Structures are given as structure tokens and as C-alpha cells.
Amino acid sequence: MSNSSNSTSLSNFSGIGVGVILTLVILFILILALLCLRVAACCTHVCTYCQLFKRWGQHPR
């Protein structure tokens with residue numbers, strides 16, 4: 001009797017663990033995607049600033 005209840009509790013725990021792991025993985029992927037987007041935005045800003053500086057250097061006031 002105790003063995004069957006033990007196995008069911010273990011299977012329930014493993015199912016919960018799998019759900020938690022999947023949730024953590026999805027959150028990790030979302031955070032990585034947001035970081036990549038932030039880095040890409042920073043790179044585009046830096047590129048635009050570099051172009052502006054180049055134009056300003058080519059055409060000084």
C-alpha cells in the first residue's frame with residue numbers, strides 16, 4: 001500500500017518538476033531574446049551615432 005502511494009507521489013512530483021523546468025526554460029529563452037533585441041538596438045544606435053560623427057567630421061562647421 002505504501003509503495004503504490006509512494007510511486008504516485010513521485011510521478012506527481014516528476015510531472016511538477018517537468019512543468020517547472022519547462023517554464024524556467026521558456027523564461028530563460030524569453031530573457032535571452034529580450035537581451036538580444038536590446039543589444040541589437042544598442043548596436044543600431046551606435047552605428048547611427050558613428051555615421052553622424054563621420055558626417056560631422058567630413059563637414060565641419
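Glycine residues also receive a Cβ, built from the backbone N, Cα and C atoms like all the rest.
Taken from Swiss-Prot, the feature N-linked glycosylation site covers ASN3 (among others), and the record attributes it to sequence analysis.
Positions annotated as N-linked glycosylation site by Swiss-Prot, on the basis of sequence analysis: ASN6 (among others).
What Swiss-Prot lists as N-linked glycosylation site is ASN12 (among others), and the listing cites sequence analysis.
The topological domain 'Lumenal' annotation in Swiss-Prot covers 1-14. Predicted-model confidence for the topological domain 'Lumenal' (1-14) is 60, expressed as mean pLDDT.
Nonlocal intrachain contacts for the topological domain 'Cytoplasmic' (36-61), taken as residues 6+ away from its ends with a CB within less than 8 angstroms of a stretch CB, are lacking entirely. The annotation topological domain 'Cytoplasmic' is assigned in Swiss-Prot to 36-61.
Sequence annotations record features per position, and here Swiss-Prot assigns transmembrane segment to 15-35 based on sequence analysis.
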